[in-house]
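Annotation source TrEMBL lists transmembrane segment at 61-78, 90-112, 124-149, 156-177, 197-217, 244-266, 286-306, 313-334.
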């Protein structure tokens, strides 16, 4: 317990340091003193640094913090739900649903000539709304399937098929769309924590915070499910109901984050494994908060890596998360194969 408490304290400290560092790091040189002044200066007189921190870097850092925590928790819950170390929220088709919603919004002219909902790359609010609607529709479909079939393997297959179906529609829309529409969709699909406004954060933060709070109430069920369904039922847990609740929490967190950041690759797979290795535990009372902190920290670090000091451009965040996450997936497959060889 002392070891876990020490790790939690260290993660909290590192996350706070990374958050401040993310406010300082970027194309414009800003000192820690400038950050402190921008955060504490209540006057209407703003310097250039104040404006940049308050309107760009602070929203970006908050987005990275909540997106990293939310996506990582969602990935951990999916791995618990399907009892599969490589499970991720994308397997439920939620990311694909959000992608289809964005594609329909941006490329509406392709479907109905003369109808143009998209007003350019600055139209982040409309894109986010379309992604929310798309992901929520998939959530309702998956929840209905889970309640009807009560079989996680079937739910998994339906989620994958929904993803393929959405990708097919997106490909057709891309084929008939013009360059401006393609550019808008590709920018969203790259994934980014930059460009989020305070108005968008006022919606994202409460929803994600609520989802994270509900997730922290699930360790008893997740620990029981980790032992087996029969054991979970023997201790009085309504397995089917708790599964639907877990799918709902995961889908809402993922759908909301994806709406504002675009799809973020590999974070939901990699971070739960980092947390298991770091804490050396399979107890979800430890893994849930541990994964949340690890995800927030890693996302802040990835966001800093995407910044190129002295340059006016930002690398796609998926390029960085994939570089970190892909080796973890390979290591996980190798470890599982080694375990099977030992037990066989």
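Including glycine, each Cβ sits where the backbone N, Cα and C put it.
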Here the stretch out of 124-149, 156-177, 197-217, 286-306, 313-334 with the most C-beta pairs under 8 Å to the transmembrane segment (244-266) is 124-149
Using Cβ atoms and a strict cutoff of less than 8 Å, what residues sit near the transmembrane segment (61-78) while being 6 or more residues removed from its termini?
15, 19, 22-23, 87-89, 91-92, 193-194, 196, 201, 204-205, 208-209, 211-212, 215, 218, 222, 246, 249-250, 253-254, 256-257, 260-261, 264, 267-269, 271-272, 275, 284, 287-288, 291-300, 302-303
